[in-house]
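Asker: This is the structure, below, for whatever I ask next.
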Amino acid sequence: MSKDDPINSIFFEHQEAALCAQHALNMLLQDALYKWQDLRDLAIQMDKMEQQILGNANPTPGRSENMNESGYFSIQVLEKALETFSLKLTNIENPAMVDYKNNPLTARAYICNLREHWFVLRKFGNQWFELNSVNRGPKLLSDTYVSMFLHQVSSEGYSIFVVQGVLPRSDADDLISLCPVVPPKVTPKKEQKLEKVMTKFFNTVGKRLGGGSGAPPDSQEEKDLAIAFAMSMETKDGSEVSRSSAEIDEENLRKAIELSQAPGPSEPAEIPLLTRSRSSTPPGASEPFSNAEQQRRDRQKFLERFEKKKEERNDEK
């Protein structure tokens, strides 16, 4: 990557301890504005406020509802920190956020929580980037990937918060608006490997679900759809959180192919899905589908969208 690459203008913090909330806030705001001590003070302030509201005059010593010893902070702490910048966080499942849920690309940024790990999806210019402190740096995302990723993790019960308000202007905003980041070139060897994997993916999924001939994708958008779908498959133990994005891409794509070859609904199989947050299921909500049934539904939705894209392209011709 060249030193002059616009992506290098994006402020990025690497993971330290479990300070992902601090890193997420600073990367969202594009400056090293918050330290652990600042968020700790906010957490203590939030605890005292909650104790007063609940009338709990004798709280458990050393216990906090808004932080833990490892450095994790609650969404309430992040919300309080962003109030200074007139920014508001609203769960995408809130009925008021229906427009963002239907068209995620209309937002400027999202703060996401997966297994108590905070990271950011943020727009600079007209391009989306993943700012995740466990990665080596900012990751350029396609619009298709952003939409598919947010839809998938939201449907699995993870916490996605829409950032509302005007984000502080940064050098990266100005530079990338003028000079968009060019996606990295794929080497011939890597491209050949990707085509082979994609062909197998579409053939197996297409034949399993009756989605047509299962021809390999011939557009970048269709490739993005497949990769985004594969990326949504994560293991139950959360081991991916510490691995590089490139390793996760390849591993999850392989898993998606394996899942497409698993027994169908008439022969239930144990299929790893994104685990559901305990607090994410609203009271009175129905129990989630079985793993096999949910996986079948997700694959069916993906194939329907893929076939629709092909039909639209054929109509244009």
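Here the Cβ of each residue, glycine as well, is placed from N, Cα and C on the backbone.
Pulled these features from Swiss-Prot for this protein:
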type     : residues : note
ACT_SITE : HIS117   : active site, proton acceptor
ACT_SITE : ASN132   : active site
DOMAIN   : 219-239  : domain 'UIM 1'
REGION   : 254-317  : region 'Disordered'
REGION   : 296-299  : region 'Interaction with cdc-48.1 and cdc-48.2'
Asker: Grab the pLDDT values for the domain 'UIM 1' (219-239) and give me their mean, rounded.
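Answerer: Reported value for the domain 'UIM 1' (219-239) is a mean pLDDT of 50.
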Asker: Roughly how many angstrom lie between the C-alpha atoms of the residue listed as 'active site, proton acceptor' and the residue listed as 'active site'?
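Answerer: If we compare the Cα positions of the residue listed as 'active site, proton acceptor' and the residue listed as 'active site', the gap is 9 Å.
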Asker: How many other Cβ atoms sit within 10 Å of the Cβ of the residue listed as 'active site, proton acceptor'?
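Answerer: Within a 10 Å radius of the Cβ of the residue listed as 'active site, proton acceptor' lie 19 other Cβ atoms.
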Asker: If you draw a 10 Å sphere on the Cβ of ASN132 (active site), how many other Cβ atoms land inside?
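Answerer: Step by step: centre on the Cβ of ASN132 (active site), count other Cβ atoms within 10 Å, giving 25.
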Asker: According to DSSP, does HIS117 (active site, proton acceptor) fall in a helix, a strand, or coil?
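Answerer: Where HIS117 (active site, proton acceptor) sits, the three-state DSSP reduction gives strand.
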